[in-house]
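Feature annotations, reproduced from TrEMBL:
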TRANSMEM  29-53  transmembrane segment
DOMAIN    44-302  domain 'G-protein coupled receptors family 1 profile'
TRANSMEM  65-83  transmembrane segment
TRANSMEM  109-132  transmembrane segment
TRANSMEM  144-165  transmembrane segment
TRANSMEM  194-218  transmembrane segment
REGION    227-246  region 'Disordered'
COMPBIAS  229-246  compositional bias 'Basic and acidic residues'
TRANSMEM  253-273  transmembrane segment
TRANSMEM  285-305  transmembrane segment
REGION    329-386  region 'Disordered'
Amino acid sequence: MSDNSTMDPTAGDEDLGELSKFSQPLMTLTAFLIAVYMIVGLFGNAITVLALLRCPRVRNVTTAFIVSLCIADFSFCLLVLPFEVSRFSNGAWLFGEEFLCVLFPLLKYGNVGCSLLSIAMITINRFVMVAFNKAYQKIYQWRWVWAQLAFIWLYSYLMLVPTLAGSWGRFGFDPRLKTCTIIRVDGHSAKIPLFIIGFVIPSLAICICYAGILAVVIMSHRRQRRHSARETSQQKKSREERSRKSEMRITKMSLAVFVTFVVCYLPITIAKVKDPTVKYPGVHILGYILVYLSACVNPIIYVIMSKQYRQAYKTVLFCQRPRLFSENSSQCREDRQRPPTPSSSKTMMSQLSVTEREWRHSPGPRLKSASSASDNAFLEQDESRM
């Protein structure tokens, strides 16, 4: 098996030679699991998009990139996995060598690229938030966020245009592998370069960002211990602590998404490099199962790691009206414990009016912008339940 087939990061389009070495019960089990992943992924990612767009309490810049990730995974489940269910069920590609044979690998490579780049943009967003907090609101204005979203999708598919045009390998049916993949043209194939620029480089960027986040957090804790005695406002200190915890929860959730992505794609890549002749078919099958699991596992991570996301899912599933406030929030408890004052009543009314306006007029994820001190206090309290 050539190097261009062993380095396929998506690991699903090269292998009737492998499939012929798998037992029929093993292939049937794999087809069944892929079908389950497809159903769970379609439902989970669709519900996530609806929940994030419908519930104002979870709308922020990070939400925009999570929606992009969900759309990429939903598309993968809808447009790629049905072909894989058929391939493992029948042990062959049954859809001809023309249009679908070109569309299938194009969609598969493109959607995997969109997923990883969306994760990379989430990580960069977290890094800028932690390391360059003062510049964050200027960098992540709505027009720049939309530009980054456009870059994710355009880059992922434009890097496949040379292959689609036949100038850098081409999409088609490989008679040796008997499946649709990127095949060589005049000895040239794009698989290894695509693996490097579409998988390795974004993964390195993500690792660098998380290393930077860790360094900033460590330095911040040291500064906090040195200057804790200078803190005079307990309310301000409590609010800032809640905000930091909220940001770290989101950062941890995005890290979990990235680690899961790597764990799902790494085994099949190693198996193809170390075992190209498929001496251990069970290892390859496990790799395929993990690859397709990646398309449906992210909503499960959101449910486990974020209370706000769980509430957003309930809002959609049970057709509830989205709540702007949580009566059990720490800020509400503090407000109930002390008598109202004219200034606090005025602040509360300004917060309610801002939130109502955002809820009724925001067509998509609410992006951060410069606002009054009272608005920022509300947003910090609102996100502190993540």
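Any Cβ shown, glycine's included, is placed from N, Cα and C.
Relative to the transmembrane segment (194-218), the listed stretch 109-132 leads the set 29-53, 65-83, 109-132, 253-273 in CB pairs under 8 A.
With pairs at least 6 apart in sequence, the transmembrane segment (65-83) and the transmembrane segment (285-305) have 3 or more Cβ pairs within the 8 Å limit; the two touch. The transmembrane segment (253-273) shares more Cβ pairs under 8 Å with 109-132 than with any other stretch in the list 65-83, 109-132, 144-165.
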